[in-house]
Amino acid sequence: MHVFVINSGSSSIKYQLISMPEEQVICSGMVDRIGLANSRVDYKAKSALGEVSRSEEFPVADHSEGLKAVAKLLTDAEIGVISDPDQVAVVGHRVVHGGEKFASTQLISPEVKSKIKELFPLAPLHNPANFLGIEVAEQIFSKAKQVAVFDTAFHQTQPEVAYRMAIPNEFYEKHGIRNYGFHGTSHKYVSERAIEYLKQSNLKLITIHLGNGCSMAAVQDGKCMDTSMGLGPMNGLIMGTRAGDIDQSVIFHLVNQLGYSLSEVNALLNKKSGMLGLTGFSDMRDIQAQISQGNQEAHLAYELYAYRIKKYIGSFTAVMNGLDAVIFTGGVGENDRMTRHLVCEQMEYLGIQLDPLKNEGRKQAIQEIQGKDSDVKLLVISTNEELEIAKQCFGLLGN
Ligand SMILES: Nc1ncnc2c1ncn2[C@@H]1O[C@H](COP(=O)(O)OP(=O)(O)O)[C@@H](O)[C@H]1O
Ligand SMILES: CC(=O)OP(=O)(O)O
Ligand SMILES: [Mg+2]
């Protein structure tokens, strides 16, 4: 069964065509910088001739054009992997916010679509792009079943003490204001890999997903017990461009004293803060380069970033009354040894001790980086949200 997985972001589309249940990636790629003059379409496929790839730069006005460009590559006479879009049986969509309505993967119907639309205000950077991806895919892959896999679903096992907020009850009861949590597909995927690898299911795990957006989850016996993001994907950890936890008074101060409008505050906290606000760069590789040039602000930003993660490790360990393993994942978690080093230093009290040599380089898909005296396993595991989405689709429709 061919599953085409689409992960639509605000300005990008990541995609993979995966043959299930073999879990074989037939092709993969990304459309980046949608809406700009220098958009880029990347495509990589395995064919009888070996690996083929193509990268093109041309203006891609919107998600519809982006997906059409991808469909053209999929069916290209020379480097394509299918002859007709109808060969795709299922399209799996990452949908960031599923609210309380969706605790599991859904076959997309008009009702599911209208619910996803209702949730736009809760994830304004993500759900509209996800919705657009669904509408365009329905046109291009018109014979395929469309499936939604929600970032929030894995976190629906959180107990009430973790997800309720101390505001009047009616805001929860009438308006669904509570903590939801995001990146659930990634937290689920890496926690399951860790459970398989450690050959034990009753484990207390902390999964740390560090990409552009960053979040952590406390996972006990395979179930999410708490997570660092809340109503929307803004709070918790410091991220590429998002501030994460801040004192709410900052918002009132910005509005009442500094004359900001609410939409300016929103843009400030979502798009201009985090590592970008602290250093002028959102990509950790650029910030690393600044540190090597002696930039003190860049160094301080790294310390803030790691300090926030340490605080969540402490609180999640308290929540679970113990800790067996910490898992680093996402572009930063998988590649940035300095982040892992700063997070793990001076954590002996919690049984965490990093081996600096093992932390240096990545040799295995699942790499252990703890020292010999560490009570807690420290694992670096590559996330694969696309594969997890394909698995969910196969689970729903495979038989
Ligand atoms: N070799 C590396 N060293 C340090 N950071 C890296 C490296 N490669 C990628 N990153 C970081 O990973 C981030 C992207 O992570 P990713 O999980 O792909 O993000 P997302 O899926 O949220 O777009 C980049 O912005 C960069 O900060
Ligand atoms: C939910 C979220 O923050 O997603 P991303 O990291 O893809 O921006
Ligand atoms: Mg991501």
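The backbone N, Cα and C atoms fix where each Cβ goes, and this holds for glycine too.
So that you can see what the record holds, here are the features copied from TrEMBL:
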type: BINDING; residues: ASN7, GLU385; note: Mg(2+) binding site
type: BINDING; residues: LYS14, HIS209, LEU210, GLY211, ASN212, GLY213, ASP283, MET284, ARG285, GLY331, VAL332, GLY333, GLU334, ASN335; note: ATP binding site
type: BINDING; residues: ARG94; note: substrate binding site
type: ACT_SITE; residues: ASP151; note: active site, proton donor/acceptor
type: SITE; residues: HIS183; note: site 'Transition state stabilizer'
type: SITE; residues: ARG242; note: site 'Transition state stabilizer'
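Classification of ASN212 (ATP binding site) by DSSP places it in coil, neither helical nor stranded.
GLU385 (Mg(2+) binding site) is 20 Å away from ASP283 (ATP binding site) when you measure Cα to Cα. Within 10 Å (C-alpha to C-alpha) of ASN212 (ATP binding site) lie the following recorded positions from ASN7, ASP151, HIS183, ARG242, GLU385: ARG242. With a cut-off of 6 Å between Cβ and the nearest atom of ligand 2, the binding-site residues LEU210, ASN212, GLU385 reduce to ASN212. Cα separation, ARG242 (site 'Transition state stabilizer') to ARG285 (ATP binding site), rounded: 17 Å.
Listed in sequence order, ILE13, LYS14, TYR15, ARG94, GLU385, GLU386, ILE389 are the same-chain residues six or more apart from ASN7 (Mg(2+) binding site) with CB atoms under 8 A from its CB.
Just so you know, of the binding-site residues LYS14, ARG94, ARG285, the Cβ with the fewest other Cβ atoms around it within 10 Å is the one at ARG285. Among the listed binding-site residues, namely LEU210, VAL332, the Cβ with the most fellow Cβ atoms inside 10 Å is that of LEU210.
DSSP gives HIS183 (site 'Transition state stabilizer') a coil state; it is part of no helix or strand.
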